[in-house]
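*Asks:* The structure is given below, and queries will be raised subsequently.
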Amino acid sequence: MDTAAAVALFVLTLQNISVPIMMRLARTTSGGGNMGNAYCIPVLVCFQEVFKIVFSIGLLVREQGGLNQAIGMINQEILLKPKTTLKLGVPALCYFIQNNCQQLANSYLPAAVYAVTYQGKTLVVALMSVLMLNKKLQMFRWVAIAGLAVGVAMVQCAKAPDNASKEYAGSEFLVGLTYAVTAASMSGFAGVYFEKMIKKSQPGTKSQQPSLWIRNIQLAIFTLFIGVPTVYTSASFDAADPLRGFDGVVWGLGLNNAVGGLLVALVVKYADNILKCFSNAMSTVIGTFVCIPLFGFEPSWLFAVGACVVLSSALLYGEAIKFPYPQCDRILFDVPKAAEPEDVEKTLEEGEKIATPAEVEMEERK
């Protein structure tokens, strides 16, 4: 592992550890919780997107080599391509729902329980990748998906409390679980949709994909369009004091979430998927131990077993650990798909013969 990858892994791990802890602090201390001075979550989400736009523009200026070049890129990729920009409305809506549900979940769930439950987004990403991207998954990845489902279920059955959650009834724990599952589902779906959009090339063109910072600016702008009206319809919004409940922890949470969205993009440049899986696993384990003295978290044996199953499954899915049997690398449910029009056109240009469906079936039977 080189120095850049080590630094990226260290920073990402710290950020992953801090997110659920800061959310729990913000929702259970004087700046949050179910008290009368609770901050308005949609207001914080909108500030996150403003921070993200500012950071993305700064990174775009650095990438393009100047402010004028960055402005030209924004004009070319955002203003002159309205159809492409509009397509980002779907993941923007999903991310807005995710950000709200994350903080609502931390109002009811201990930070450690939330962190483990949120790992279930890997399950959503896997299923959506199969359905939306036609990805083929090996047997060991399906085993990992099943393990994730079982492990998350065990963690929820354990109902390990902390000092704040002891005051809640069982129904409120279920509310927190619902918010956590919704956040994980929105995150998984939006991520796969975003990946599909980025990878799908325009027919008849060979143009290079736009900067990732451009995409982040587009997403943040759409989120603001969705978030601002939501603020004024939120029951927790106080028009006389829109920043009610905003203390140092809440502002820190907003900055941390904004930086975290950009950090993932930077980590992709230096670290591979295995390192990211290790980072997620380490942050969940370390975060659980931090929650014990910080929040009075009381993990049970069922929580410990479930957490181990979830983390092992996540590492297995990311190929950080492997089965010793080659048969586990076999792809399941591999259904041949029809040739895409651009593939047919390319094949005809190269003078190759295209097999008919009947010929394909005969070849498979051989």
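Counting starts with 1 at the first residue shown.
For all residues, glycine too, the Cβ spot is worked out from N, Cα and C.
Automatic prediction, not curation, is the source of TrEMBL annotations.
The following feature annotations were taken from TrEMBL:
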type     : residues : note
TRANSMEM : 36-61    : transmembrane segment
TRANSMEM : 142-161  : transmembrane segment
TRANSMEM : 173-195  : transmembrane segment
TRANSMEM : 216-237  : transmembrane segment
TRANSMEM : 249-270  : transmembrane segment
TRANSMEM : 277-295  : transmembrane segment
TRANSMEM : 301-318  : transmembrane segment
REGION   : 342-366  : region 'Disordered'
COMPBIAS : 342-353  : compositional bias 'Basic and acidic residues'
*Asks:* Under 8 Å between C-beta atoms and at least six residues away from its ends: which parts of the chain pack against the transmembrane segment (173-195)?
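*Replies:* Sequence-distant neighbours of the transmembrane segment (173-195): 88, 90-91, 94-95, 97-98, 101-102, 104-109, 114, 117-125, 127-129, 132-133, 156, 159, 165, 215.
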*Asks:* So which of 36-61, 142-161, 216-237, 277-295 is most in touch with the transmembrane segment (301-318), counting Cβ pairs under 8 Å?
*Replies:* 142-161
*Asks:* Sort out for me which stretch, of 36-61, 142-161, 277-295, has the most Cβ pairs below 8 angstroms to the transmembrane segment (216-237).
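*Replies:* The stretch with the most close Cβ contacts to the transmembrane segment (216-237) is 36-61.
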*Asks:* Quickly jot the same-chain residues contacting the transmembrane segment (36-61) by Cβ under 8 Å, restricted to those at least six beyond its ends, or write none.
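*Replies:* Same-chain residues near the transmembrane segment (36-61) but 6 or more away: 26-27, 30, 67, 69-70, 73-74, 96, 99-100, 103-104, 211, 213-214, 216-217, 220-221, 223-224, 227-228, 230-231, 234, 236-238, 242-246, 250, 253-255, 257-259, 261-262.
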